[in-house]
Amino acid sequence: MESEAGTNRTAVAEFMLLGLVQTEEMQSVIFVLLLFAYLVTTGGNLSILAAILVEPKLHTPMYFFLGNLSVLDVGCITVTVPAMLGRLLSHKSTISYDACLSQLFFFHLLAGMDCFLLTAMAYDRFLAICRPLTYSTHMNQRVQRMLVAVSWTCAFTNALTHTIALTTLNFCGPSVINHFYCDLPQLFQLSCSSTQLNELLLFVAAAVMAVAPLVFISVSYAHVVAAVLQIHSAEGRKKAFSTCGSHLTVVGIFYGTGVFSYMRLGSVESSDKDKGVGVFMTVINPMLNPLIYSLRNTDVQGALCQLLVVKRSLT
């Protein structure tokens, strides 16, 4: 630990991440499982992205947002899993203070972007189903890019605010984090100075980035369901519900795990439940998303099959 200039307090130079398991035998199992999950997630999401790029039929607003979501999923798992794999290989559980802050920043940047992107996707479905005559006008390429740019700006501002606010806290020790990556609730527990401002910022962020988007998504889909029920064609209703069902499943999993993680700031210490939710947020969610969207979408399935045929013909 290093002494802070001008004070009698000490600053933690690095943290110790306890990880998912402590026994060496189980660490080998965890390494294999995480490596498998990482390869499946990156492969699945990049395949969907490639299919969207090469298939002209998928050059629509819905798939533009889905392609961006695939990039986010790859980024989300890359922020946490490779670093953990490195620690398991080297048998080192420490992470430097700066690396911890960097991980936290990028995690919240990508998670924040996820919030806004899922909201944009709900707005896209609302316009496509409830306002079909003006859809191409209200959701043109300029609007799509603007929505993504605004989402990145808001997510960046949120992540930077939390990271800067965290640098004002004093960490005097102990420096043991009962988790496998750096996040706000666990770091708040280690602070020897008041975290009241930080928790207030997190509360405001939750209102702006979770509650407001969730309300917007709920209202949008209430209108969508009402409009779909008025469709006379059974095939049309099935296709609309299939597309919307995939998105709602992803929204439910994402917000469900997020609420559990950040609405428990009053708890005294981290538990294995927090680690389980962390695995769901950073590993399971990104791995499931391609499966959810491709299983219920014949267009994506067709594009992926074409991609495989092209790949085989090239080899």
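Cβ atoms are placed via backbone N, Cα and C, with glycine included.
Quick look at what Swiss-Prot lists:
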| type | residues | note |
| --- | --- | --- |
| CARBOHYD | N8 | N-linked glycosylation site |
| TRANSMEM | 29-52 | transmembrane segment |
| TOPO_DOM | 53-60 | topological domain 'Cytoplasmic' |
| TRANSMEM | 61-82 | transmembrane segment |
| DISULFID | C100-C192 | disulfide bond |
| TRANSMEM | 104-123 | transmembrane segment |
| TOPO_DOM | 124-143 | topological domain 'Cytoplasmic' |
| TRANSMEM | 144-161 | transmembrane segment |
| TRANSMEM | 200-222 | transmembrane segment |
| TOPO_DOM | 223-239 | topological domain 'Cytoplasmic' |
| TRANSMEM | 240-262 | transmembrane segment |
| TRANSMEM | 276-295 | transmembrane segment |
| TOPO_DOM | 296-315 | topological domain 'Cytoplasmic' |
So which residues does the transmembrane segment (240-262) touch in its own chain, when a touch means Cβ under 8 Å and the partner is 6 or more beyond its ends?
62, 69, 111, 114-115, 118, 121-122, 125, 129, 183-185, 202, 206, 210, 214, 217, 221, 224, 228, 231, 273-274, 277-278, 280-281, 285, 288-289, 292-293, 296-297
Residue numbers, six or more beyond the limits of the topological domain 'Cytoplasmic' (223-239), whose CB comes under 8 Å of its CB atoms:
125-126, 129-130
Among 29-52, 104-123, 144-161, 200-222, 276-295, which stretch has the highest count of C-beta pairs below 8 Å with the transmembrane segment (61-82)?
29-52
Restricting to the topological domain 'Cytoplasmic' (124-143), report the mean pLDDT as a whole number.
93
In terms of Cβ proximity under 8 Å, which residues at least six beyond the ends of the transmembrane segment (144-161) contact it?
61, 64-65, 68, 105-113, 115-117, 120, 123, 201, 205, 208-209
Same chain, outside the topological domain 'Cytoplasmic' (53-60) by at least 6, Cβ under 8 Å from its Cβ: which residues?
67, 299-300, 302-303, 306-307, 310
